[in-house]
Amino acid sequence: MKTHIQSQPHSPPDSSVDPEFLYQPLLPSRNTAVNSSSQVAIVGANLCPIESLDYEIIENDFFKQDWRSRGKPLIFQYIFLKWSLCFLIGFIVALIGFCNNLAVENLAGIKFVVTSNMMLSRRFGMAFLVFLLSNFALTFVATIITVFVAPAASGSGIPEVKAYLNGVDAPSILSFSTLITKVVGSITAVSSSLLIGKAGPMVHTGACVASLLGQGGSKRYGLTWRWMRLFKNDRDRRDLVTCGAAAGIAASFRAPVGGVLFCLEEMSSWWRSSLLWRAFFTTAVNAVVLRALIDFCRSGKCGLFGKGGLIMYDVTSANTTYHLEDMPPVLLLGFIGGILGSIYNYLLEKVLQLYNFINGKSNGYKIFFALSISIFTSCLLFGLPFLVSCQPCPADAMEACPTIGRSGNYKKFQCPPGQYNDLASLIFNTNDDAIRNLFSKNTDDEFQKSSMAIFFCTCFFLSIISYGIVAPAGLFVPVIVTGASYGRFVGMLIGSRSNLNHGLFAVLGSAALLGGSMRMTVSLCVIILELTNDLLLLPLIMLVLLISKTVADGFNGNIYDLIMKMKGFPYLETHAEPYMRQLAVSDVVTGPLQLFHGIEKVGNIVHVLRTTRHHGFPVIDEPPYSEKEVLFGLVLRAHLITLLKKKAFAPTPTVLTSVVAFSQFSSEEFSKRGSGYQENIEEVELTEEEMNMYIDLHPFTNTSPYTVVETMSLAKALTLFRDVGLRHLLVIPKHSSRSPVAGILTRHDFMPEHILGLHPLLGRSKWKRLRFQNPQWLKFL
């Protein structure tokens, strides 16, 4: 995604470069600055160069020949492979999700069982030491593997996948090492009692699985699958990654429909009906496989993974009833949830800014910082239950009281026989079991107000300070836990003045905080319904989500957009800023511009590729190859490097016929490499004689690139650029007497940093002030 406008050298450094090589100035405007918007982003804990994805179909002679040569068998193979890959994605992600939960429940379960047994024998010091050291070791493993194997695996992964589906390609975010690190790091980090979730990492995991399957093998590992060559392009890989992200949500919450809607509402920037069908098929396969594996484990063959796990249980309230007088508390719940969600996002943004500074130092700082957070968390979780009083076991308890073992609603902790510690029942459990305890019905008298208030504050702040460590960590589950404690606390305050039980308030509280922090409505509503298996909650959840999102939008953006902006990903929003309607594309295009002739000298091409980082170049024809100077099309940098490596040169300027071109090249040679891979001009070695030869670019040039006239508004150009999924947008002059190309718009030309850098007065306009005050409301203008 490098800007296509850079300063030109005054003279070529090599005598082999044609002195008549075309350096065409751009628009005769005052915009001569170089696009200085960021071309790097924070991937993991490192600054990495970023590029754009080529979603546009390259309509050159090879593209036409490729499709003309496809008969019914090849078309059937293409369709069959699409559905087969969707099946494999759903199946593999389900296996990973199951193994993830199996490992977490057993690792964390063994830790809690050993600690609880020591607590029963009143060996509190030894119990604390076991709890602290086990959490320390698990955090150490998660941090070490992330720091040294794949730093791109740290964090949730949802912002990275969302940016990828928007057209941003960052190194290693979907690599095999990232996949392995994401799985192992997520298991160990979640098992270490850090208040982080596994839903976000599962979305990233699903995207990695889909991307790797779509690459059609690897030459590095000797896996060259010719039958997968049809998917060596960014368009098909984008669809597969979308299906993989949907499968990740489905595997996390056992919510296949919610996973599809999550990608439609939050993740994907481009959608169509056929993609909807394939994503739905992927999540359906995922749900069936997951259910089969869960049923197998219910026979007791999976260790402690018998009843735990967020994807396994149903929170049912068969007799859910509510009346008109119950609406005010629900409305209040949504309103406060929106405020809390915006505060949560604000604090998390500030904390992540501090963490970026710390993580930008040496690896030792990152590891030490993560281990410090682990020690602090262990001390806090172990010490807080001692602050609350013990409760007598209820006479009508549905399970053993006090609880003996790993999970349960009645943890004994330090209490005498016949009593339980309600705060320990939430803290001394996995996040999944804590949610189950909070969501459970007929437990209105189980928790104290003080315990719930302490648990809410603990979850709220621990989830914020735990997210920024260099390890795979999600936000979905921590927000659900925090919202459930908030909702149940509100239910306790309201008491008998409402017909709703406290478990239902916990569900609505989770919806309120999710809506306030993540700003989604439809997908969250369906995920919660599939999670609780209670369709009667639909009106209340819809109401809470709408209110919390509306309130929170008045303060800041959703959490994933804030993280993307902080990381530096050039994400294109669905709406244009108001000041973009006041600007034409000529106001942001900077110069000068580099062009190629239809038949170009090899030395000129090599010089341009070595002195610039542009990824697309206009190709023009002029007499004697055309009546006048005209735009022929656009040629990609990767295709030029392929031509140079092949060395299909001619000693004189000669037109290369399609028949000759097809005999020298195949369409597979121009297919896209794996994600994050960039062609390198330094790998090309040419002699002095070869540098003075010529290449006919006509057969390899996209003859139908998207173009806009220089007077088009920037807002209208942004809509076209984003909706079509472009990487380059050619700007042509309004008057034919000038050059056939006026410039090229790339992703960075639409970034506010670049636009306001060229036109600083816009930053002090009334629109800028309004945008600062109400950033989300302007999308409705």
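Using the three backbone atoms N, Cα and C, a Cβ is placed for every residue, glycine included.
According to TrEMBL, the protein carries these features:
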DOMAIN    701-761  domain 'CBS'
TRANSMEM  75-103  transmembrane segment
TRANSMEM  124-153  transmembrane segment
TRANSMEM  173-196  transmembrane segment
TRANSMEM  238-255  transmembrane segment
TRANSMEM  275-294  transmembrane segment
TRANSMEM  330-347  transmembrane segment
TRANSMEM  367-388  transmembrane segment
TRANSMEM  506-529  transmembrane segment
TRANSMEM  535-555  transmembrane segment
Range from 275-294, 330-347, 367-388 with the greatest count of C-beta pairs under 8 A to the transmembrane segment (506-529): 330-347
Counts by DSSP class (helix H/G/I, strand E/B, coil) across the domain 'CBS' (701-761): 24 helix, 12 strand, 25 coil
Sequence-remote partners of the transmembrane segment (238-255) [C-beta within less than 8 Å, at least six residues beyond its ends]: 53, 55, 82, 85-86, 89-90, 93-94, 96-98, 100, 161, 164-165, 174, 198-199, 202-211, 213-214, 231, 262-263, 267-268, 270, 275, 278-279, 282-283, 286-287, 290-291, 310-312, 476, 526-527, 530-531, 725
Of 124-153, 173-196, 330-347, 535-555, whichever stretch has the most CB pairs under 8 A to the transmembrane segment (367-388): 124-153
Most Cβ pairs under 8 Å with the transmembrane segment (124-153), selected from 75-103, 173-196, 330-347, 535-555: 173-196
In contact by Cβ distance (the transmembrane segment (330-347), the transmembrane segment (173-196); 3 or more pairs under 8 Å): no
Same-chain residue ranges lying at least 6 outside the transmembrane segment (330-347) that approach it to Cβ under 8 Å: 322, 460, 464, 479, 482-483, 486-487, 490, 500, 505, 508-509, 511-518, 540, 543-552, 554-559, 562
